[in-house]
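Novice: Sharing a structure here in structure tokens format.
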Amino acid sequence: AQLRYSVPEDREPGSSVGDLAKDLGVEVRSLASRSLRLVSEGGQRHFQVDLAAGVLLLDSRLDREALCGQSPTCSLHLQLVMENPLQLHRVEVEVLDVNDNAPQFPKPEVVLEITEVANPGTRLPLEVAEDPDMGSNSISTYELSPSEHFALNINTRGDGLKMPEIVLEKALDREKVAVHHLTLTALDGGNPVKSGTAKVTIHVLDANDNPPVCDPPISKVHLEENVPVGTLVTKLNVTDLDEGPNGDVEYSFKTSNNAPGKFTKLFSLDPRTGEIRTKGPLDYEESSAYEIAVRARDKGSPAMEGHCHLRVELIDINDNSPEIVLTSLSSPVQEDATPGTVIALIGVKDSDSGDNGQVRLQIAKELPFKLVSSFKEHFSLVTNGPLDREKVSGYNITVRAVDLGSPQRATQKTFYLRIADVNDNAPNFSSPFDTAHVQENSLPGTSVFSVSASDPDEGSNAKLSYSILDNGLQDVPISTYFRIDQDNGTIYTVRALDYEQDKVFQVPVEVKDAGSPALSSTAVVHVFVLDENDNAPTIVYPSVPKGSAFHQTIPTLVEPGYLVTKVVAVDADSGHNAWLSYQLQETTEALPFQVERRSGEIRVAQALRELDDPHRLVVEVRDNGTPSLSASVVIVISPEENSVQDFAKSLDLPKASPNDTNLTLYLIVSLVSISLVSCVMFAVVAARCL
């Protein structure tokens, strides 16, 4: 918004200028919380804001003449900045002129000369009085004390300046009156009226009775600013009807109240030719026009003079580049900012005028931002599309200002806008399924596997913590078997695992970030327990109490190959840890029996003719693990008269050759290997499908 107030220049400090809260439509109590602050565009502090009352106050006494000089209008521009949300308001305060200055002549006494042969109607120019006030408070008219011979005439110049001159109304006679004393009074238009006076002394002289005359007396010249020094502005056209020294004219500058003595620094005057040339660089932005007064005086006795008035109006050229002012910048901005969010407040100004001072502001089209015009020469930079910090963490925004002059002038300003992260990305595991192996009976705290996840967010939004979820697939909560380091994702065993009880575990792992709200994802780790040879073979037949022997009777007369009995054993382990072999413990005497290594069958090794005493056999069953575990049973074989051959009917099994034994072993190893590989493949495929 833009507010406008007016205040007389004579107001005391602390006086109220305007009700900001009412005019802005905000509550007074919200001004302090919204950090209302006042920024003066000129850098000088003339005002202050009473946050308690919501009004704009004078901070110091204003002097319109000191602030704006002879400008027709005098306005001070302020900026009000409020936050939450960020807003910029422009305040224009017009300083009203009061009649606080009386007219004053440059000299308290003016001495004029006039020849006695001057004709009625002869004009004598007078010094113009000065009044710093403007408008109706400036000089309104002049008055001359009553005189028999002289009257006052007032001319109005093109810029409105009133120039008094004395007009001869009745012929003079020097022999009667040689000197005339008059009083010139300058009156302003204020209320009450203020005035200033000057004494005018007119000496009546003889001879030179024709003054120099300018043709035209008031002229105007247009000149481009920044012309080279020494450029001819004009040549005055002055004529004097007298001859000889009375018609020889010399030129000199005459200062005026518009800019006393200022134009003499910028222009030079040839006293002989009347040529006026530039003496210094001209700047339209400093002053758009100059009023030059020239005195033309002849060399007669007494000398007579005329006055020429020249107005030099400058033509603006595009010699100033636009200026970009970054009033406010909200950095960083959240990546989830909605379109239309105000990012920055930007002001632009160009000291040139017309099209040369009209400025367009632009940014690169590919940026997700756009410029919105707030009011004249002020823009808001707002979001125009979605922001994604994970793709672009910040933008170098270049604002370019181009005026409409010819040739165009441009300037640019670059600032960096950082994009703040919001938790809009969930953590992501490198793989949703992983496979790990752990040896059974490993000590609690053994490292099993390390899961890894990543989060493209930053800061607390990317700080990850891991945990194990209870999937309910096991009878006992999974947390009783495993735990996970919440910082690095390493899975450890909580207790020793038993392959014979659980061969595989599905461990669901959740990773969660520390954002608000927190985002998470899950993965499943299939933990396969590797078998260890921790179970000794168990003899299931013959089943005898520990420390006892199994008694087996056979006929007294049997042939080699006779099946006496068979030892059957099992092993809770798997794989090669469960491969069993049977053998007889060595004794000091040779025994007529043998045991099959793989089947556990005990047969007669040599023909028995008579079996008087029982034979004590110790059969040892050993697995193929490392280290190997074993179990044994004691079998006592004794003769039985007229016994029936339970097992035999002599099988007449031929003695196995070493080659046949090796072939059987190879077949068993191949079958077990194929089965184990198939089971593992089925488990992996099932885990992937899950």
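Yeah, the Cβs are placed from backbone N, Cα and C, and that goes for glycine too.
So TrEMBL says this about it:
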DOMAIN    6-105  domain 'Cadherin'
DOMAIN    106-214  domain 'Cadherin'
DOMAIN    215-324  domain 'Cadherin'
DOMAIN    325-429  domain 'Cadherin'
DOMAIN    430-539  domain 'Cadherin'
DOMAIN    546-656  domain 'Cadherin'
TRANSMEM  663-687  transmembrane segment
Novice: Give the residue counts of the domain 'Cadherin' (546-656) per reduced DSSP state, in the order helix, strand, coil.
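Specialist: Summed over the domain 'Cadherin' (546-656), the classes give 4 helix, 48 strand, 59 coil.
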Novice: Should anything in the same chain at least six residues away from the transmembrane segment (663-687) have a Cβ under 8 Å from its Cβ atoms, list it; otherwise answer none.
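Specialist: Same-chain residues near the transmembrane segment (663-687) but 6 or more away: 433, 435, 504, 506, 524, 526, 528, 575-576, 579, 598.
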Novice: Which stretch, 6-105, 215-324, 546-656, tops the Cβ pairs under 8 Å count with the domain 'Cadherin' (430-539)?
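Specialist: Highest pair count goes to 546-656.
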Novice: Using DSSP, how many residues in the domain 'Cadherin' (430-539) fall into helix, strand and coil?
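Specialist: Secondary-structure composition of the domain 'Cadherin' (430-539): 7 helix, 48 strand, 55 coil.
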Novice: Do the domain 'Cadherin' (325-429) and the domain 'Cadherin' (546-656) come together with 3 or more C-beta pairs under 8 Å, pairs six or more apart in sequence?
Specialist: no
Novice: Going by DSSP, how much of the domain 'Cadherin' (6-105) is helix, how much is strand and how much is coil, in residues?
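Specialist: Counting residues per DSSP class in the domain 'Cadherin' (6-105), I get 15 helix, 38 strand, 47 coil.
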Novice: With DSSP helix as H/G/I and strand as E/B, how many residues of the domain 'Cadherin' (106-214) fall in helix, strand and coil?
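Specialist: So the counts come to 3 helix, 54 strand, 52 coil.
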Novice: When DSSP states are grouped into helix, strand and coil, how many residues of the domain 'Cadherin' (325-429) land in each?
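Specialist: The domain 'Cadherin' (325-429) comes out at 4 helix, 55 strand, 46 coil.
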Novice: So how many of the residues in the domain 'Cadherin' (215-324) end up helix, strand or coil by DSSP?
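Specialist: The counts are 7 helix, 49 strand, 54 coil.
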